[in-house]
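Working notes, beginning with the structure itself.
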Amino acid sequence: MLVRNAILRAENGNSPPFPPRRTSIPPSFEKRGGPRGRVGGQARHGARARHGGQADMTMKIIIVVTSLHQINKSTIQQFNDSSIHNSNLTKAKQFTSGYRQLKRNKLKISVIIVNYNVKDFLEQALLSVKRALADYSSEIIVVDNASVDGSVPMLKKRFPDVLLIENDTNVGFSAANNQAIKIARGAYIVLLNPDTVVQEDTFVRLFEFFERNPEASAATCKILNPDGTFSVDCRHSIPTPLAAFWKVTGLAHLFPKSKIFGKYNLTYLDENDTYPVEAISGSFMMIKREMVEKVGLLDERFFMYCEDIDYCHRINQAGGKIYYVPTSQIIHYKGESTKKNNLDYIITFNRSLYQFYEKHYRKKYVYPFKWLILLGILFRGFTIFIRNFFRQYYPFLLDLFILNASVFVSFFIRMEMKSHFSLDYFFREQVNINWIASLSFFIAALFFDNLSRNQHSISRILKANVAVFTFIAALTFFLKQFAFSRLVIILSFTLSVLLMAGWRLILRYFARSSAHALGRDFFLKRTLIVGSDQPTRQLLQKLKKRINSGLDILGVVTLNREEVGQDLDGFPIVTSIESLPQYLRFKKINLIIFSTHNLSYETILSTMARINNPDMEFKMVPGHLEVMIGKADIERLDSVPLVDIEYASGRPFNRFIKRTFDFILALLLLILLLPIGLPLYAVKRKQIFEKQIQAGETRRIRLKEVKDAPVLQFFLNLWHIVQGRMSFVGADMERPHSYLLEYGYKPGLTGIVKINRRKKQSAEELEELELYYLKNQNLLLDLEILLRSLKKI
């Protein structure tokens, strides 16, 4: 039963003329407010409860009752028949007290889950929770923080009895939990992560513990990692600066059994014993309602992370006791709801940790020690970033090591044949060749995309080696200081190619010779299909029959948001095309295939621009090959043609070269024209106006223009090029397409459309020219367009 805040206002002697907008909560919960969300779903074994109504100055109360609450009818009738005035507040208080007692007695436990783009894990978590709560009066509240993976449709379809709160934006973990706590009715409140699986007896064991230990205010059970090992962070101490310092420096890991160094994670204690602790993990936290009312809501300044530590610290300060109870256990798939392998996680986590220190320890320690702790937190974030960097770019780093080792071994062989190898001579005279080889290999890796999606391509690594050693061989001819034996070049090239291709072949052999996850991670491309019409169905069926396609199709991206959560010929519709960039932040996807029968090129390019991930590979089933192919080859899977729609203009290497060329040339011309441009600018400054060009949904390019002054306009355009707002060769200024500009196709002084414009030319033909340029853009093509433009002047 949801009762409007009029009851509480009556208690306080305050009767507003209109009902408040938020769900009613006990006064002790009003310490911190949380963002409002849309409350939906259904109560357990009952219909959906909705609340609303109007109130005049006499404040007539309308109560909506569902079968879940089943409050005594005479009590309800007595309350409905009475009008609450300032003169009979006592009766309202008596009813409110009785109502709250009925609520607490009715429900044993409230389980609160905050979800953010982990639909599959959430489904498993809810199934396990419902099994564990089968014998108890309970409620499950799920707060969805604007997920884009179909979590909400799944909840409404699979779990209609779950109370759902939908947020339009990601309000954070603390604020979302607070929304649910305000309407929770259980005697016990459980904060549970969506990426957990609860054992059938978990709540039984904890209820038994609370009954035997009435002094306990909160507790957690044993938490296991997905591999079955014990999660040491399920119980720990409050991170004092000293305890955090031992953890950051790694001493806690080196001496886990030490009471001094292992204090933070309590690694010196037996994981199978029950004992009081200072803090427990927010992935599973069971708290008595009385303590929640006493302590209040979670601190919403902690957007994510450290809010559980802060809450436990406040429980301790309020005189409560927290226990670790290993008589039952759960599994926690750590990081599935937050993805800890990206820079956003590092920044958010360490900012939260520093906020915790600022809140609780700022006044207790001297000023220099504060900066020592801050440096420790930054150091931890840096180490995590370096670790993730090595994980992402290990193929390139391994190749770089092989390249330098090959050069070193080649020099060793050559010098041993001639005289005697000397390390001192090598590092004094010849080590420069290693630096040159490394730098040229890095540039070649950028050019051939060996840093991102082609990390395991043998053909690409062969091309990179050919480019590197051709360049080194050229140096030996033209620069005397690099004149060394050609045998070194031949040996280095041979060793480098054999070793770089060799480890890829070995990895591919072992991965493909078994059904191990290694093969899926390295050689099966995790794929999404964009489209939901009949041609898309045919494409899915053809790819499904192709066993050795090399594609692991994970789902379909629909054009209609309402279809998210449904199936398309056995494949789940995981998200909509509008939410695809947000979805990809939390899912590891390698390839996106566009079914172009119902997709415009504007939609395709706009989507690619919003994704903006150089590691992502894009292909399409072409509808009009002559528009998009350019120099690309057609890859056929069975009878399905797939065209690579990676545009040359979007490659990081091409963008760098184009931007460098634009900046240098524009800056030189700007300096040469300063004696003319500055006086013209001073004279006609008042005639200059600003023009805005739409470049996507939110971005606008602001350009300054002036009429009847071509020299001044050229001067202004040069300044725009230096700023990066324009390019010498780019989009047609007379008909700029916002989706092309969004993809990085800047307005240009000239362009392929301008030099090929004819009197009778359709918009489709002009668009074909622009798409051709995007597909084949390079510095030589830009120079050709510039020269042809100069001839037309």
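Placed from the backbone N, Cα and C atoms, the Cβ positions cover glycine too.
Please treat TrEMBL annotations as automatic predictions, because they have not gone through curation.
The region 'Disordered' annotation in TrEMBL covers 11-51. Positions annotated as domain 'Glycosyltransferase 2-like' by TrEMBL: 110-295. What TrEMBL records for 365-386, 393-413, 433-452, 464-482, 488-507, 661-682 is transmembrane segment. According to TrEMBL, the feature domain 'Bacterial sugar transferase' maps to 717-792.
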Leading contact stretch, 464-482, 488-507, 661-682 vs the transmembrane segment (393-413) - CB distance under 8 Å: 488-507
Remote residues contacting the transmembrane segment (488-507) - C-beta distance under 8 A, at least 6 residues beyond either end: 398-399, 402-403, 405-407, 409-411, 413-414, 437, 456, 458, 461-462, 465, 469, 472-473, 476, 518, 522
Model confidence over the domain 'Glycosyltransferase 2-like' (110-295) (mean pLDDT, whole number): 89
Tally of residues which DSSP labels helix, strand or coil - the domain 'Bacterial sugar transferase' (717-792): 43 helix, 8 strand, 25 coil
